[in-house]
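Inspection log for the structure reproduced underneath, given as structure tokens.
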Amino acid sequence: MATSREADAALRELLSPVHRWLNTLSVRNHSEHTLTAYFAGLNQLALFLRGKRLTWTRCDKRQLAQHISQRLDEDKLALASVQQELSAIRHFYGWLIEEGLARINPTTGYQLKRSARPLPSIADVDLLTQLLEQEVPDTPEQARLWLRDKAMFELLYSSGLRVGELVALDVSDIDLSDLRVRVTGKGNKTRLLPLGRKAAEAIRRYLPHRELWVEQMDTALFISEKLGTRLSTRAVQQRLKVAAARAGIAQNMYPHLLRHCFASHMLSGSGDLRAVQEMLGHSDISTTQIYTHVDFAKLTQVYDRAHPRATHTQVDGDTE
């Protein structure tokens, strides 16, 4: 019993600075999702250190490598998840050093081999037109919901929003006169984005219904008809699947796909990587660069049109 109590006490002592660090991040408006993920990763390292009877200051690269190996090989954690945990550890040790609670960051110079990042799925313009220009449903209830749903989907594709950013929008964030939308993204950073005319028209048609549904002066732009309150991300996901099925679309449709399409189609049309980075709210341009892929068939078409010696047309009589 004493051993168990000692182990619990050791873990509490290890986690004490973790809670302090997470509290400082909470004050800086980091999301609950981020804080939960950071704690989960650091809790695993704390359990490892407790088993080795080590403290944060006695964890070096060798112990860190052993812990990471355990997470990959024994716990069967995906490489991407381990990379997220390593990021949390790196930032936590940075804070410990700032606070004078540690002198060395064991993650310095430590890198996992990154796997190739998969290309995002993209839907072509015709498929999105099939989704967004579908017939209005027959029943009055579904017709009302489609006015709201179409406004949401047009906005996701028009301005490249994350679904969390979409449901967080207030009515005051939309400027239908100047065609722009104010978005609060990751790290509580605000960006001002262009609003497409199709999206603006869809929002105008939806707003009178919103006024009938809203309860207790809720400021949310997108409202649940049943509850009269802000729509959830889960509800947006479900409504998109319903709309895709109704339009006869077999491809898996989800809100982030519309963001992918926005980025890919904007880059294809403009080639302006920096502008697309700003609109997506990416802090690192390497995240945006994943959208610069071009399928080989399109590449061949461009080459054939542009290069004077590129034609693949067979010359008459050139046979053996």
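Backbone N, Cα and C atoms are what each Cβ position is placed from, and that goes for glycine too.
Unlike curated records, TrEMBL annotations are generated automatically.
Going by TrEMBL, these are the annotated features:
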ACT_SITE  Arg162  active site
ACT_SITE  Lys186  active site
ACT_SITE  His256  active site
ACT_SITE  Arg259  active site
ACT_SITE  His282  active site
ACT_SITE  Tyr291  active site, O-(3'-phospho-DNA)-tyrosine intermediate
DOMAIN    12-97  domain 'Core-binding (CB)'
DOMAIN    118-304  domain 'Tyr recombinase'
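Locations of recorded TrEMBL features on the structure.
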residue: Arg162; record: active site; DSSP (3 states): coil
residue: Lys186; record: active site; DSSP (3 states): helix
residue: His256; record: active site; DSSP (3 states): helix
residue: His282; record: active site; DSSP (3 states): coil
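Taking only the Cα positions, the spacing between Lys186 (active site) and His282 (active site) is 9 angstrom.
Ranked by how many other Cβ atoms sit within 10 Å of their Cβ, the active-site residues His256, Arg259 place His256 at the bottom. The average pLDDT the prediction assigns to the domain 'Tyr recombinase' (118-304) is 87. Geometry remark: Arg162 (active site) versus His256 (active site), CA distance 6 Å. Here the active-site residues are Arg162, Lys186, and the one ringed by the most other CB atoms within 10 angstroms is Arg162. Between the CA atoms of Arg259 (active site) and His282 (active site) there is a gap of 12 Å. Across the domain 'Core-binding (CB)' (12-97), DSSP assigns 71 helix, 0 strand, 15 coil. Within 10 Å of the C-beta atom of His282 (active site) sit 17 other C-beta atoms, taking all shown protein chains into account. The separation of His256 (active site) from His282 (active site), Cα to Cα, is 14 Å.
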